[in-house]
């Protein structure tokens, strides 16, 4: 009887065995290369688990960089011309930090630049903000993928809402020039006499006195183009402007004019410096300042763009609020001064000096100062109100140079934002 019951139990077990157990029993006897083993289905994995395993947590970073702008059509990326952002984008792609060069890819990492430098303009203190994977090797990886004339100084963890453009308190521009630009307009002796010229303390004092006329809030309508005289965005606040002590470079005397302001318009810095040269050289008098900040168009010369460079962008308010919170580091350029100075001498000053000797850009331009009238003149063509146009409609970086970046968050140029005098200004050299 017991044997009969055991047979019935064995029969029932085989009758109700699951297909999975039967397939498992068969595969135990198969070789790994057999058909049944190859086409056996793996256990299912949910899409959610796959995405979570591949997802990399990203943080907002401030990327501090310096670059030589020669051979590039400005900072802002372009699909048809070489730019600094184009080089940076390729480095980001090669490091796996950016998918591709499309606008959507840049939106995903919240890419922003602090200042849009113009064609051939260099920078020693530029900042870009973007989302990057948390890693200690960000700076090393990017520098390894970038050319030697574009260097990453640091990659600093920033607040998640940090924007390099809108968080910037003010911008510092330098203008390197040979001091013979301050020589009297009737100096004779040709190129040799100009290169042997040495500026006196009295002339330097006069130059700074003229430059100080630009300090404060003024209507800089006559120092830009493409704007109406009634455009309120022509009012700009200049924090400081000064001609630094001269120095010798390759046996030639140079000096640097440093301009600090909240923001700058098209041609503004070059026209400010051009008018100062004309006054100091005697091509015109200080009386020009009685009219130059008005709404009538004045003939103002524009200095060559060769010596213009972005020195640094400053984040005073951001540093005060977040720099000492124990989590984020301040954006402080003083710790990189040695690297910035070495880069400036090797990649920027050397090129300016060689180009000036070969092309005579300053010498040729000084001859044209006698042609300007420095008085009222009618506009060459009617101007239009561009205050409501998008940045790419106002001025293409490939065709029209600009001293100032657009605010891409708002869709309007920075020049249309309200300019106010800060209660406290902190300058960093």
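For all residues, glycine too, the Cβ spot is worked out from N, Cα and C.
Keep in mind that what you see is a predicted model, and the values were worked out from it rather than measured.
Database features, via TrEMBL:
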type	residues	note
ACT_SITE	118	active site, nucleophile
BINDING	173	substrate binding site
COMPBIAS	407-423	compositional bias 'Polar residues'
DOMAIN	213-315	domain 'Pseudouridine synthase I TruA alpha/beta'
REGION	397-429	region 'Disordered'
Arithmetic mean of per-residue pLDDT over the domain 'Pseudouridine synthase I TruA alpha/beta' (213-315): 96
Entry from the recorded positions list 118, 173 having the most other CB atoms no farther than 10 A: 173
DSSP-assigned states of the domain 'Pseudouridine synthase I TruA alpha/beta' (213-315) in counts, ordered helix, strand, coil: 27 helix, 34 strand, 42 coil
For residue 118 (active site, nucleophile): DSSP state (helix, strand, coil): coil
